[in-house]
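So that you can see what the record holds, here are the features copied from Swiss-Prot:
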- 21-28, 68-72, 131-134: GTP binding site (BINDING)
- 13-186: domain 'Era-type G' (DOMAIN)
- 217-299: domain 'KH type-2' (DOMAIN)
- 47-51: region 'G2' (REGION)
- 68-71: region 'G3' (REGION)
- 131-134: region 'G4' (REGION)
């Protein structure tokens, strides 16, 4: 007698998918939606993402590693040049490149620039994702999908898939995960169960502090903010049942006037940044946090190679 439905199990798949797109195209929000947890900071400020962060999606049949990259753009500073170089290096090492094109905006020169760059990477599978569909009408989404197909034809880019998705509402997020897994090579699990990111906790904490600092900032100031965690560890002498994580971090800006904006009247804004960041860090790490923040000036750090090295770029 044979067991019905007991045929060979599908092979396990694993691999890397990189989300690319112009600044503020929804890459980070989509990464968090697929992982199911906040592993990448988000903001409506362009060029929020400055590091390559890997978010890990665990499934019975696959492990999908999502590589969130800074937005590709025409750089105006040394920092911008280094971020672009970081993206291009990353794209050479992944299995699938997924280009994010917001459905609530027309395909523009920035999108064309990026897809042209992608066309130069010959052997990597390419997917187009129409992001932010919750902000567009059905007619607009249909028009956008046709524009994406046309852009592929014009640039010589062969799309393996074109997928409309809303990370905010969750619409088609699971479908996108299924499609991406299907494009991965067969392979073993690459990260332990339970790992949601490969970033060190110090980097995740610094990014959450920067996200809190960016809220409400205008003009060029968001680009001038950098955060470095100088010291982080469990406080000694605490009972095991009541741990406390001490984090000492510096928020860097480029000018004295910017320092005053970050601190705010009588330190009110800095306290607010600390309160919001502490809540996010505690939610991510599952440990009560004591957060000590200081604001320092690193003059013109975006253009200074020595300062960039000091700040981790």
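Glycine residues also receive a Cβ, built from the backbone N, Cα and C atoms like all the rest.
Looking only at other Cβ atoms within 10 Å, the busiest spot among the binding-site residues 24, 133 turns out to be 133. In the three-state DSSP scheme, residue 21 (GTP binding site) falls into the coil class. Within the model, the region 'G3' (68-71) carries an average pLDDT of 68.
Of all Cβ atoms in the protein chains displayed, 24 besides its own lie within 10 Å of the Cβ of residue 21 (GTP binding site). According to DSSP, the domain 'KH type-2' (217-299) comprises 33 helix, 27 strand, 23 coil.
Cβ contacts within 10 Å of residue 69 (GTP binding site), excluding its own Cβ and spanning all protein chains shown: 27. Residue counts for the region 'G4' (131-134) by DSSP state, with H, G and I taken as helix and E and B as strand, are 2 helix, 1 strand, 1 coil. Counting Cβ atoms from all protein chains shown, residue 27 (GTP binding site) has 29 others lying within 10 Å of its own Cβ.
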